[in-house]
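So the structure is just underneath, and the comments pick up after that.
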Amino acid sequence: MACDIRAKNIDVLPGRKSPTKENGSMKTNVEVDADGKSNNISVFVRVRPLTREEKARGEKSCVQVLKDTQFIKVVDYGYGYNALTRKFQFDGCIGHEVGQDQVMEKCKVQRLLDSVLEGYSSAVIACGQTGSGKTYTMCGRNEDRTTHGDGLIAQCVTYLFEAMKKDHSGNQRSYSFRASYYEVYNEQVNDLLRLDCAPRDVKWSVKDGYYVDDLLLVDCECVDDVFSVLNEGAKNRKVGSHDLNKDSSRSHCIMTLHVDSCSEIGDGAPIVRYGKMLFVDLAGSERLKKSRSSGDMLKETGNINRSLFTLGKVISALAEGKKGDLVPYRESMLTKLLMETLGGNSLSLMIACISPASSVVEETLGTLYYATCTKTIVNVPSINIDEKDKVIVNLRKEIEQLKKENILLRSKLGLPAEGDIKDNASSQPDIETNQKQISMTVAPFSKSVGHVGDENEPDFSRETLVSNQCGWMLDKERMLTQLRTAERLLCNKMAPSAKENSQDALQNALWQQESKARVIEGIENLPSRTQSFPNVQPLHALSEDSYKNKSYSISRGRSDDVGVGGQDRKLRLGLVGKQGNTSGQWHEGIHSLMSKGFLQWKIICG
Ligand code: ADP
Ligand code: MG
């Protein structure tokens, strides 16, 4: 065991780390204590009573569960008179007097099972020295292997089926259960439900991580179906007998219960969640000196200890906060398969089983250090759900949250609740009331029109009134359009005044034709035609500033017509002449204005 906490050998208190949050995912179910620390791996210690053999050997109990059941005290008598007392704290400690039926409640397993029904992965791992009570805790009394009624697995399965029947979530859900059972023996994975087949491969996928390929999954419709799986698996487990345990498990066994739930909410497609419950009964570590294993068992012991050693390394690395490749998951089959459980997305419970016998105090302390390290690991549970469904569930959560915020804000602002608004909306005047209001509004008109109607037509109906009103409206619209056109013409800076003479009339016509003329500012763009007027001085005679300040213009109309116009009526020339025709008026007018410095212009060409 490489956990460095071992160095502090007195009053070891497990520390915890804050959970790491992952962006944009549903990894929000991190249970956090009041002190802000993660509680997604809980660790409990179970002390079994001294066995008959141990008592016969005159063994003393060296373990004591303290009153508040969070602390456990271990006395190491190996130091003679100076016996060393060590105290550990866990989520809970279960003394030898606690019966099987209370384990589930004491270890708060219900929380894990409820999560499984919600689509999370959960795991219970029993660890500890060989003969410390792991298989007893998980599978029940080994004297009677055909029934598992008092084991934790059986109790959990019963709970899950009962909870499913109650459908405690309140949603309309249908559940399906499937069970698999396999063992990791000598670094091989055997399907305990199909002994005739070769060892199974362990594969890896991005979605599922490491998984056992091609396992037999048994559909379970009732508790008895799961019990059959348990019995079948238990029969096929590798067990051996040695000095420490006459029924020693020689393999790590993992029983998995897949709980798929399909919920139909609203009209949308049903959402399927893939809950998973793992029950892990590890093979116990053993000292060859004490177990006195030999032959095949010796090899098994070596493999068991090696994989447990790797498990210890993984736990140490995780406890130190290492991530990714720095955690040696890949070094053993067991740690690969527990990747999700330790430092992954699962809710996990470790039950560290210990023997009270003083002769195995070292192993007991080892187990407790192991468990202490585990407590510091951070798991970030997440619902197992398809990506698409994940988005839908997230959006639904967001809507719920927004609704709550809306209610809160409304109550703070003293606004009626949403329901009240709807009620108000629904209490809007009905059609009859509307009609009454309309008739009241149109009453004065209908009266006068009615009067006219009386004169012209004896039966002046409401329809006639309405159609007349429509006609008036259309007339008004037409007039408005005409007014707008006139206004545009009058307000146009370039528009000539309405001064009456023939030149103006012609100029006016030109303006109207050239209203979309391109405006060219600057001498460079002065059209050559305009320049062909010998007496018209080009614009460069004026500074840019001054020419920009006023807005006179020379415009060229159809064919060769050229006009001059301006906004300022006093200076407006409104002359038209043919190209090359140096009309006296044109020439004189422009030239005199320019010489007085009055005339600056823009060129407009068509
Ligand atoms: P492990 O699986 O850890 O190797 P077992 O579960 O096989 O150990 O238990 C070893 C022995 O101790 C068995 O005979 C079992 O009945 C007994 N035992 C274990 N835990 C308890 C307990 N809490 N109460 C009574 N007997 C127990
Ligand atoms: Mg066992």
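Cβ from N, Cα, C; glycine included.
Please treat TrEMBL annotations as automatic predictions, because they have not gone through curation.
Annotated range for coiled coil in TrEMBL, selecting from 245-272, 273-300, 385-412: 385-412. Sequence-distant contacts of G133 (ATP binding site), defined by Cβ-Cβ distance under 8 angstroms and a gap of at least six in the same chain, are R46, R48, C353, S355. Close to ligand 2, meaning a Cβ under 6 Å from one of its atoms, are these of the binding-site residues S132, K134, T135: K134, T135. Less than 6 Å separates the Cβ from ligand 1 in the case of T130, G131, S132, K134, drawn from the binding-site residues Q129, T130, G131, S132, K134 in sequence order. Using a 10 Å radius centred on the Cβ of T135 (ATP binding site) and all shown protein chains, the other Cβ atoms total 28. G133 (ATP binding site) carries neither a helix nor a strand DSSP state and counts as coil.
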